[in-house]
Amino acid sequence: MSLGPELATKEQIREIAADYGLPMTDEEVADHIELLKGAIASYRELEHIPERKLPVKYPRTPGWRPTTQENPLNGWYWRCEIEGAKEGPLKGDRIAIKDVVCVAGVPMMNGSKLLEGYVPEIDATIVTRMLDAGATIVGKSACEDFSFSAGGMTCSTGPVGNPYDPTRNPGASSNGSAVLISTGQVDLAIGGDQGGSIRLPSAWCGVYGLKPTYGLVPYTGCAMIEGTLDHVGPMASSPKGIAKLLSVIAGYDADDPRQQGRIVPGFDTNYLPALERGVKGMKIAILKEGFGHDGSDGMLASDPLVDDCVRSAMETFRGLGAEVAEVSIPEHLTAWHIWTAIGLEGFTAFGVNGNGVGTNWNGWYNTSMAEYLARAMKSRPYDMPATVRSVLIRGEYFRRYYHNRYYGKAQNQRHLINEAYDRVLSEYDIIVCPTIPGLPTKMVDRDAGTLDTVVNQLNQLRNTAVCDLTGHPSMSVPCGLREGLPVGMMLTAKHFDDATLIAAAAAFEAAGDWRKM
């Protein structure tokens, strides 16, 4: 057997042609096999070329699966102990990495049985940056299956419990990271965000989580959902932790097309000075459309306790010298519909049909994960949970019968939402609304039907998904307890003005214990 692809058989050519509705004579089949020989020669040559890999600079062992005693809320997927540089700004910090991020030699499953057994051979760009800064990586945090859930019960290693009430959803999909920070098991953590997955669990677990400006933090070496929505960012127990971690992981990366020339070598990534800025003179806009949702469209209804808590936080900002006024962005209410089309069809194309990497972008491709996932999808597709099956079925339905028309229209419309936010942010420094309209919801039984499961796990995104569309930096800040459960307020700023979010969060933290507000 030659190294590389084999020449196709007649049956394989006919099968491919049939998939596209192309009738072929025996002569045409023979012609296509002959034409394939040139491509086979190129592919075999490509097979011999050593593949460029992302670097692995620090020694480590594979680690271990945590015991039940070590992991009462299922916040961990895997434990390890990887020591970084001897000195650096993250020296002494213990960091958990969401299990969508590759760490060489450490098992990775992206919350899914389909990837169980996969071990990356590379470190994601942000992992190398953290280790170079002296961090100690102490494990992979649990996440939802393929990260496509906003609740907290689809992780294949078991549902992740809310630290304030284990019977309730912790928010998702970066729920493991939020839980580990909330319970003091780590100092800092990495989360991913395509529809709110950093900010949602931060809100319901009472921690800080920043979805950075799109492209600011390299996504290279992380599992993709949809290339135009993918974000990765810091989570912490304080704004200082956010600033410290963001300062290390942000910046130019030639392998990430999401940066699109907006971030160049030498881009300033020091966010620590923002901690001392305060909010005096800052103009803060309360987003009218972020409050008062009635839930009639199936999304989570607003809880008056949450709305009042966030509005009370605005009074704190006023007391600190900020100017606060209400604004209206009607496009905020349609953003969820735009996100739905991009999320459904984009994930189907990238995450499933594209084997987790997709095509048509210029950057570093994780070929080992793509091959592993493709084989798993073919041999055991039944391992997909109800949420992922639902996304796949719906996404493929719209692709197959409506020819990506609505995906394209949604991509065109997202720029109008971006412009609407930019208009307000040309007059204000920050836009504020509840991160999630309601308090943490009760978990449904893992054996619940598809409808109950999907609704329970995907109805929290109304306020968060919009900034994944626009790319604006957006941060969840804990602002109070109601009925013993955390409430998060979401702060949004201009593109690449992540520092202003950190400044506002630090000022609010200094104003008093959020648990008593």
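Backbone N, Cα and C atoms are what each Cβ position is placed from, and that goes for glycine too.
Since the structure is predicted, the reported quantities are computational estimates derived from the model, not experimental observations.
According to Swiss-Prot, the feature active site, charge relay system maps to K98, S173. Feature annotation from Swiss-Prot assigns active site, acyl-ester intermediate to S197; the stated evidence is similarity to another entry.
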*Rounded to the nearest Å, what's the C-alpha distance separating S173 (active site, charge relay system) and S197 (active site, acyl-ester intermediate)? Just drop the number here, would you?*
5
*Have a look around S197 (active site, acyl-ester intermediate) and count the other CB atoms within 10 A of its CB, chains all included.*
35
_If you count other CB atoms within 10 A of each CB, which of K98, S173 wins among these active-site residues?_
S173
*Measure from the CA atom of S197 (active site, acyl-ester intermediate) to the CA atom of K98 (active site, charge relay system) and give the result in Å, rounded to a whole number.*
11
*In DSSP terms, helix, strand or coil for K98 (active site, charge relay system)?*
strand
